[in-house]
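Notes to accompany the following structure.
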Amino acid sequence: MKLFIFTCLLAVALAKHKSEQQSSSEESVSISQEKFKDKNMDTISSEETICASLCKEATKNTPKMAFFSRSSSEEFADIHRENKKDQLYQKWMVPQYNPDFYQRPVVMSPWNQIYTRPYPIVLPTLGKEQISTIEDILKKTTAVESSSSSSTEKSTDVFIKKTKMDEVQKLIQSLLNIIHEYSQKAFWSQTLEDVDQYLKFVMPWNHYNTNADQVDASQERQA
């Protein structure tokens, strides 16, 4: 009898324990489901707020995006136009600015030719004395010609011809002497230097425009 009562009590205790476990497990499941639902609602609300903010920013930035797209298209058109210009310049070789002419002298070898620098030949001007002598010579020639034409006798013609030839030779010799004096005064270069002239393209931001000054022969000799 006691054994039967003990078994009944044990069975009732086990049944209560099982029911408590089931109820606790059901409560934990329901709590976890509620937490999951709360998390889902939070994520959905956060996603909705993010979408709303993005939509607002997109609506605000639509004119800016349109402006940027328009400016980018204009820049692309400008770049395309500049490329066409560059192609034309490369095709026709049109200089962008006035190039500088640079004369490069060719250096001669010293063992086969004397190196002399070419100078501009400046002939000296005639003075008053030289002009007066030339005028006197011309007057004498005209006087001799007039005297020879006026004479009629043969003997006088022969004598006049001889004197005329002598005077003409003297005039020629005097003119040659004057030319010789001026040729010694003038500077004549024995050999002319060969100058190769070519076109050199230089950039305007790294080149200073320098013009070659003309050298005066008289100043060079005085120095």
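Positions of Cβ are set from backbone N, Cα and C atoms, glycine also.
Annotated in Swiss-Prot:
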| type | residues | note |
| --- | --- | --- |
| SIGNAL | 1-15 | signal peptide |
| MOD_RES | SER23 | phosphoserine |
| MOD_RES | SER24 | phosphoserine |
| MOD_RES | SER25 | phosphoserine |
| MOD_RES | SER28 | phosphoserine |
| MOD_RES | SER46 | phosphoserine |
| MOD_RES | SER71 | phosphoserine |
| MOD_RES | SER72 | phosphoserine |
| MOD_RES | SER73 | phosphoserine |
| MOD_RES | SER132 | phosphoserine |
| MOD_RES | SER147 | phosphoserine |
| MOD_RES | SER155 | phosphoserine |
Practice prompt. Using a Cβ-Cβ cut-off of under 8 Å, list the residues of the same chain that are 6+ residues beyond the ends of the signal peptide (1-15) and lie near it.
Written response: none
Worksheet item: Helix, strand or coil: which one is SER73 (phosphoserine) in, per DSSP?
Response: helix
